[in-house]
């Protein structure tokens, strides 16, 4: 099996050694170099041609965001960001996801030392996954966000609709593409699960809200879901939807993680399967693994459901869409830029 060559970029000598040592323990990973700042990183990427780069968000000389943008422009390669869990760190990390980073690892917030071992397996796993990412999808130019004027409201709509989106690796960029193309008068609420730890989902929702014509917010337990609003599942809890008093409400579920994920797409989709008097549109986009497929099977069995999967050519990682497609539970397969139009069309039918 091919060895994956990794460049480690961090201004801390301790962190460079720690990341290098941990990655080198895996038989498929070879650390071919390290860099202390963004300028050094760009030189070493050009010279060494790594398969994956780990990149600190906060660095002197050239920070992680500026470095990332230069990497994706000049030497496109899968990048895993290494970030702090501070509010500023989370905001910068979300920006990095939308500039083309494949994924990120949050540094432990406690004292350095044994806390670092908590993210060792996550670091190794995300670097391995990043090596399989579709770099063309990360660097593809994105359509300009539309300025909405026409109304998409249908003349008669006898039944409430709800849109549920599940995504993982590469998801923040995919969510931006879809949510910024939805009209503000969308005749359905949107609920979305993005695999992401607590704290980072707040920054994700805030950034998407600033860009989209619809309202985007982090979901709150017990709130009534409103048309024209997208609700992002908070990290650390499962998001479910319940029908209560004739309204659709967001609820939190603290049951154990599913396949390592909380929130999990399967849990959201399964909760929607119990809602009978509502048309359901499920969307599965880029992500590693198969989260969402089991829940989508239950959704389809419950009836009144249409499912959209992102096409291979635009998915950063095709795992989640492929699993759903191969299970035979998908109605529409479209590239990322066409998902919003497909959602609007299905709501209007």
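Note that Cβ sites are derived from N, Cα and C of the backbone, with glycine treated the same way.
As written in Swiss-Prot, here are the features:
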{"type": "ACT_SITE", "residues": "168", "note": "active site"}
{"type": "ACT_SITE", "residues": "195", "note": "active site"}
{"type": "ACT_SITE", "residues": "291", "note": "active site"}
{"type": "DOMAIN", "residues": "5-122", "note": "domain 'Response regulatory'"}
{"type": "DOMAIN", "residues": "156-349", "note": "domain 'CheB-type methylesterase'"}
{"type": "MOD_RES", "residues": "56", "note": "4-aspartylphosphate"}
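Distance from the CA of residue 195 (active site) to the CA of residue 56 (4-aspartylphosphate) is 20 Å.
Residue 168 (active site) is 5 Å away from residue 195 (active site) when you measure Cα to Cα. Taking CA atoms as the reference points, residue 168 (active site) and residue 291 (active site) are 9 Å apart. Summarised as a single figure, the pLDDT of the domain 'Response regulatory' (5-122) averages 90. Fewest Cβ neighbours within 10 Å among the recorded positions 56, 291: this applies to 56. Neighbour counts of Cβ atoms within 10 Å were taken for the active-site residues 168, 195; the minimum is at 195. DSSP assigns residue 291 (active site) to coil in the three-state reduction, outside any helix or strand. In the domain 'Response regulatory' (5-122), the DSSP tally of helix, strand and coil residues is 56 helix, 26 strand, 36 coil.
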